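Participant: Here it is: the structure, laid out below.
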Amino acid sequence: WEFNGSFYQPSAFLMMGIPGLEALHPWISIPFCALYLTALLGNCVILFIIRKTQSLHEPMYYFLSMLAVTDLGLALCTLPTTLGLFWFNMRSIGFDACLTQMYFIHILSFIESSVLLAMAFDRFIAISHPLRHPSILTKTTVLKIGLAIVLRGVVSLLPIPFLLKRLTYCGKTELSHSFCFHPDIMNLACADIKVNVFYGMIILLSTVGMDFVFIVLSYILIIRTVVSLTTKEECLKALNTCVSHICAVLVFFIPMIGLSMIHRFGKNVPPLVNTLVAYTYLIIPPALNPVIYSIKSTHIREALLRALRRKR
């Protein structure tokens, strides 16, 4: 502990694995390794295919590249502490290291939310205004959108580590997960955390919350456009281009909203449920997104098959 008058700050936090199943951590690590391997390899393959295939140099696949990079970052943020705990029972993480991991986890989560919104906008333009799509979403516009997404996440979350560092911590130093999460750290403080709660809620609602609302609005407009199409085949073809994105949205937002609600209002929720929702939120989307897009996107699947044939 570092002591400075009445100000206390722990030198480290203790991470938690899966409560009640600590003896099985080495076995539990096997599916986690499979998920991490799928996330790393799958997203790297997506990036490689898009980079090497000229026909995929379109706005939809540029945004998919951003999603793949974000998923890689999320997987790499939690992989060292999660597998370190499962394999070697390394529970301790330094205070500053914990704040750094937390900052990047939240930034990447916010970026993923914004990228999913940009992909919804791309689908809306492609379906509602197909002739104007290339002129609206040019390479320069896509680049500007990408920079705006990153700046939005970095700037909006910049005060969070400083708000946590000003708090006094005492008593428990045990986190609820094998990674650092803002509400989890905040609840260990024995000081007034109203500012942290208020700022965290405002940022969450004004970024991820607004992204989700605009994604829903985009799909309402898409459905209105699709319904106006003349033939059933055209309707199905238009909707089929959105299936992968809808799956990615559901896989990301449902666990994220659930975890946020549990940390803020679910005081009586069993620890095991909290842990499972947290892992679903941070590990499942990076692993599933490349699988979803590889299965549903004909262009990516064909480009992948061509690359495998050339290698053989």
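For all residues, glycine too, the Cβ spot is worked out from N, Cα and C.
Nobody curates TrEMBL annotations by hand; they come from automatic prediction.
OK, TrEMBL features for this one:
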- 24-50: transmembrane segment (TRANSMEM)
- 42-293: domain 'G-protein coupled receptors family 1 profile' (DOMAIN)
- 62-88: transmembrane segment (TRANSMEM)
- 100-121: transmembrane segment (TRANSMEM)
- 142-164: transmembrane segment (TRANSMEM)
- 197-222: transmembrane segment (TRANSMEM)
- 243-264: transmembrane segment (TRANSMEM)
- 276-295: transmembrane segment (TRANSMEM)
Participant: Rank 142-164, 197-222, 276-295 by Cβ pairs under 8 Å to the transmembrane segment (24-50) and hand me the top one.
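Facilitator: Of the candidates 142-164, 197-222, 276-295, 276-295 scores highest.
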Participant: Cβ pairs under 8 Å only, please: of the recorded stretches 62-88, 197-222, 243-264, 276-295, which one is richest in them relative to the transmembrane segment (142-164)?
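Facilitator: Maximum Cβ contact count belongs to 197-222.
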Participant: Take the transmembrane segment (197-222) and find every residue of the same chain, 6 or more past its ends, with a Cβ under 8 Å from one of its Cβ atoms.
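Facilitator: 109-110, 113-114, 116-117, 120-121, 123-124, 127-128, 152-153, 156-157, 159-160, 163, 182-183, 186, 238, 242, 246, 249, 253, 256, 260, 264.
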Participant: Please give the sequence-distant neighbours of the transmembrane segment (243-264): residues at least 6 beyond its ends with Cβ less than 8 Å from one of its Cβ atoms.
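Facilitator: For the transmembrane segment (243-264), the sequence-distant neighbours (Cβ-Cβ under 8 Å, at least 6 residues beyond its ends) are 67, 109, 112-113, 116, 119-120, 123, 181, 183-184, 187, 197, 201, 204, 208, 212, 215, 219, 273-274, 277-278, 280-281, 284-285, 288-289, 292-293, 296-297.
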